[in-house]
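J.: TrEMBL feature annotations, pasted as is:
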DOMAIN    A:7-257  domain 'Pyruvate carboxyltransferase'
BINDING   A:R15, A:D16, A:S169, A:H196, A:Y287  substrate binding site
SITE      A:R15  site 'Transition state stabilizer'
BINDING   A:D16, A:H196, A:H198  Mn(2+) binding site
ACT_SITE  A:H19  active site, proton acceptor
Number of protein chains: 2
Amino acid sequence: MTDQKKVIFNDVTLRDGMHAISHQYSKEQIAELTRVLDDTGVDIIEATHGDGLGGSSIQYGFSKETEKDIITTAVENVKNAKVGVLLLPGIGTIDHLKRAREWGASVVRVATHCTEADVSEQHIKAAGDLGMDTVGFLMMSHRAEPEQLLEEAKKMESYGASTIYVVDSAGALTMDDTRRRISLFKENLSTEIGFHGHNNLSLGVANSIAALEEGAGRIDTSLAGMGAGAGNTATEELVAVMNKMDIPHSIDLYKAMDAAENIMKPMMRRPVQIDRLSLTLGYTGVYSSFLLFAERAGEEYGVDPRDILTKIAEMGAVGGQEDWIIGVAQDLAKEKKQDSVTV
Amino acid sequence: MTDQKKVIFNDVTLRDGMHAISHQYSKEQIAELTRVLDDTGVDIIEATHGDGLGGSSIQYGFSKETEKDIITTAVENVKNAKVGVLLLPGIGTIDHLKRAREWGASVVRVATHCTEADVSEQHIKAAGDLGMDTVGFLMMSHRAEPEQLLEEAKKMESYGASTIYVVDSAGALTMDDTRRRISLFKENLSTEIGFHGHNNLSLGVANSIAALEEGAGRIDTSLAGMGAGAGNTATEELVAVMNKMDIPHSIDLYKAMDAAENIMKPMMRRPVQIDRLSLTLGYTGVYSSFLLFAERAGEEYGVDPRDILTKIAEMGAVGGQEDWIIGVAQDLAKEKKQDSVTV
């Protein structure tokens, strides 16, 4: 690596990780995770409902703690890291953001589907007015060709985002796919560039390295990969590889390994790993928030969750359209043939 | 990929996977796994004690079934795949190989430490005389610089090996490390080239893809990564990525996914995954056969297995020197300080 600037780690254990625990982290768990994350040296700790500000709802699942408690608990337990929040326009509002700012969050990632950056304009501008580190977050980036994704990124840049992310929400990007997107951003944007990976195709670490090699300066990780689907890029794994490659950062590898093993894994309700279903998510490119819904619907209607997800992908479903799943499951149940694969 | 030749899959579920089950596969399990592997479309099924022919011993652990039963059970249950064996000169002999050939094995991988190809001469020549598909297998390839590794590979080529492998025994190679080794082989050898990966740094799939892109034509995988340490490259994960990249092969992805989930995982004694210890193996570059020994010694002497492995790596230990571990553990126990990290 010729560029010796330290890579910024945006930890998502307390945000994407919310998905993996059905948003049920307790205040005590949030406090403990914040302290150990801060101690490992991560730069930003994102702490929000898995679907962002305002996400705690009947539609996206209620979090155990209130939005205020999640954010203030993180803020009260950091020494060095900044606290961030996620905001999906349509779920969260500028009012939510103002409150988060008052509670001490200083970083916001304004997230839209990769072809809908337009909806982020007011939110990105408001975040700038609030003096926050403002990040544009292009979810499901595999669903847009690199040139199209760049056009969306340019919109976020024009609204005032100082960092823009390629977000591999479904863990569906190959290394080439990642390189093409990040390198195009690097050539054409003046913002910092970030990469958010998931491990569905077992490429979380590899895609993050590819992104860094192409010029990304921020990377999302979580302890032991705690996150939706097959999980995020695991902090301790990426750091081990970065150390071997002499890519600079601020993380203590052994502390991250210990935190993953001793603190994070015992909190997991189920192992965050690649299994048949999460691999199917990455392979078909369906948003990982569909996973639990497909499992439940599969069980309820006696159909293979893989068939549901494949169908959903063919229909071009995006995040927020999880309600399609029931209809698909019902249709599949009707069509069900004797030779269908059982899960 | 411009080269549209089908990639050959050498499955190691029944050989490297032996390590993960302490060599205790029963005949029934070997038969079942052979049938499902054959049905997924793998080209070669390697079935041997984890440490190869002659490995069933007090030193390397006794296998549940005899060498003859392991091999003949595989041979009797294949329809399309070839059956292979592993031979480490010094553990196995030419007599072992002749018997394996009589029992129906038609592929042999003659394996040496990456700097000791010389010891494979007689075995490779004997394998050629037996009319076997003869493969040179350079273990712990991260311990030799690419140029040095090439010199060793050239020796194996001169003995008559028709395929030569870069073997990432400890899962310690980065993608660049892999590319440099495979590309140098491609430029300078007239043999086929293979790659055997482990997932300790979460790069099993990524390194395999890098190897294919540099011209490797054979890849080792196992169902659900069943293998030593953090496991091998998982068949179903690599195939999913290869499908997305249009790299040709003979594997049925869905069958591989189902076999991994329904047949392989229920047989596992412990989940084959990246944890603190296996990540340490990849990071320090210690041979994965050290893992269980370090765990046991760590428990017995009350020291951190990571400290044992780090020390062993510094000492330059290679496969077969697992007996060093006890001495190291004893030394560390004496030195043990209050601030040592507990596992």
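In case you wondered, yes, glycine gets a Cβ from its N, Cα and C as well.
Thinking about packing and proximity, how do these listed features fit into the structure?
T.: According to its DSSP assignment, A:S169 (substrate binding site) is coil.
A:R15 (substrate binding site) has a Cβ environment of 29 other Cβ atoms inside 10 Å.
The C-beta environment of A:D16 (substrate binding site), restricted to residues of the same chain at least 6 apart in sequence and closer than 8 Å, consists of A:E46, A:G50, A:D220, A:S222, A:M226, A:G227, A:A228, A:N232. Annotation note: A:D16 (substrate binding site) sits in a helical segment as assigned by DSSP.
Neighbours of A:H19 (active site, proton acceptor), defined as other CB atoms within 10 A of its CB across all chains, total 25.
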J.: At the level of the C-alpha atoms, what whole-angstrom distance separates A:H198 (Mn(2+) binding site) and A:S169 (substrate binding site)?
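T.: Checking the Cα atoms of A:H198 (Mn(2+) binding site) and A:S169 (substrate binding site) gives a distance of 6 Å.
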J.: Under 8 Å between C-beta atoms and at least six apart in sequence, can you list the same-chain neighbours of A:H196 (substrate binding site), or say none if there are none?
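T.: Spatial neighbours, sequence-distant, of A:H196 (substrate binding site): A:V12, A:F137, A:Y165, A:V166, A:V167, A:D168, A:S169, A:I219, A:D220, A:N232.
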J.: Please report the Cα separation of A:Y287 (substrate binding site) and A:H19 (active site, proton acceptor) in Å, rounded to an integer.
T.: 12
J.: Suppose you look only at the domain 'Pyruvate carboxyltransferase' (A:7-257); what would the mean pLDDT be?
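T.: On average, pLDDT over the domain 'Pyruvate carboxyltransferase' (A:7-257) sits at 97.
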